[in-house]
Amino acid sequence: MPPKRKPVNLSGDGTAPPIDTWWWLTHKGTTTSFLCISLFALLIRSAVSMFPYSGAGTPPKFGDFEAQRHWMEITTNLPPIDWYRNGTHNDLAYWGLDYPPLTAYQSYIHGILLRTFDPDSVSLLTSRGHESYHGLKLLCRKLLMRWTVFSSDALIFFPAALFFVLVYHRNRAKSEVAWHIAMILLNPCLILIDHGHFQYNCISLGLTVGAIAAVLCGSEVLTCVFFTLALSHKQMSAYFAPAFFSHLLGKCLRRKNPVLSVLKLGIAVIVTFVVVWWPYLHSVDDLLMVLSRLAPFERGIYEDYVANFWCTTSILIKWKKLFTTPSLKSMSLAATVLASLPSMVQQILSPSNEGFLYGLLNSSMAFYLFSFQVHEKSILMPFLAATLLALKIPDHFNHLTYYALFSMFPLLCRDKLLLPYLTLHFLFTLIYHSPGTHITLPKTKTSSFSFTSFPGYVFLLRTHFFISVLLHVVYLTIQPPSKYPFLFEALIMILCFSYFVMFAIYTNYTQWNFSSHFRSADKEKKQI
């Protein structure tokens, strides 16, 4: 028989305590809660995967879905040295591989799976344009492709999330833990991009979460291995590099032998890098060939209407016309470094686990706002870091989720994912506001500063929200003027960018406040 719940005791004012709707899920422990939420999260992923994907029905290149399938075709039919080289059997103009070797190995493994069940789906050259097939054969191919993402998520991101939860939530209320697990596993942005749009961000993000958990449990060598693997899967993982570097360096500098500590971590990084990149380390030309594919500077500093600094300000400043690509590269690098520098300096001077989590958020947001060639999907990086901090910044996390999703709204509409977009948005809101979680439990204050203390902030936030709702309706129902065909995308971009900037200012200030917090704590210990 299940244990009986204790009778409700009225508090001193005669009111009953808030109902904990998470009780049925948490009384068995964290692992059981995680498994139950995982099953639900996998069910949601399966439902989203039934909808269209990037490039569905749009020849000749068919979007990201065909890109991933094509990489499976290339890796299963050509030797590794030819995966990044232009040639008769590998036309780089047709979805040339432009991610690091670990992505190529992942494509090879998935390609073997496809070849086992459907050899035609990865046959060299003849398999291109998969939608030329019809009926059961096309359905089988789509299901196999979707299964590769589903299995990658279940085998990499979910275990990494469990690792993080077990390390991070050592002494916390069970209802808070269950709520946080739901926020991590039901990440609406990741689900829509990986299982809707079609990508494998769950692998690099899973490896990153594993590296973060390793930091929290004090295993620095494992941290270096996991994060190097994440970088070797997607170069976008570099968004987190300043936070990892500064935190680990700050800890090493406080050891008796800092040089030896740094050397040990450097060896872990180099060995992992050599193992993954081995096929391309036999000559400088081969290595440069791969590296050149990872940095598509020829595409320009921005492409679509992404809510970052360069694209938003291009409405007034025509960056591409005023500056050359080399100049823009230098400007972008300088802006990204400057924006990342405050959080890096804070962690070098005063490393802490909580400060490190804020550092991840601040460095990834700096990259999103200022780095070269940012995509709408790049918001996954700062959003992941914010998800790990959801219990520390619940209100801001709620707002960030809304604007992160909204920033991808035009992309998801092009992919015909409007229904999953609205459904996941509603599901997130329902879980976020469920009773018995962060909303009814006391919060620890680390900073007296908050945007909510500003008289005009609430009004500004409500105005933002009203305009965003209006833009949803306008985008779906009204044709833009022929003279300005991307007017609505530009308005969405401006609105999201303005919120992201406010959010970045707040989180940077909060991280720096940890330095004064720990200094005052040290003084109190000395006085005692």
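The backbone N, Cα and C atoms fix where each Cβ goes, glycine too.
Listed ranges 355-372, 373-390; the one TrEMBL annotates as transmembrane segment is 355-372. In this chain, the transmembrane segment (260-280) does not touch the transmembrane segment (177-193); fewer than three CB pairs sit within less than 8 A of each other, excluding pairs fewer than 6 residues apart.
Same-chain residues lying 6+ beyond the ends of the transmembrane segment (205-230) with a Cβ under 8 Å from its Cβ atoms: 102, 153, 156-161, 163-164, 166-168, 190, 237, 240-241, 244, 247-248, 251, 264-265, 268-269, 272-273, 276, 353, 356-357, 360, 380, 384, 388. Here the transmembrane segment (355-372) sits apart from the transmembrane segment (143-165); fewer than 3 CB pairs are under 8 Å, leaving out pairs fewer than 6 apart in sequence. Long-range neighbours of the transmembrane segment (456-478) within the same chain, counting only residues 6 or more positions beyond its ends whose Cβ lies under 8 Å from a Cβ of the stretch, are 399, 402-403, 406, 409-410, 413, 418, 488, 491-492, 495, 498-499.
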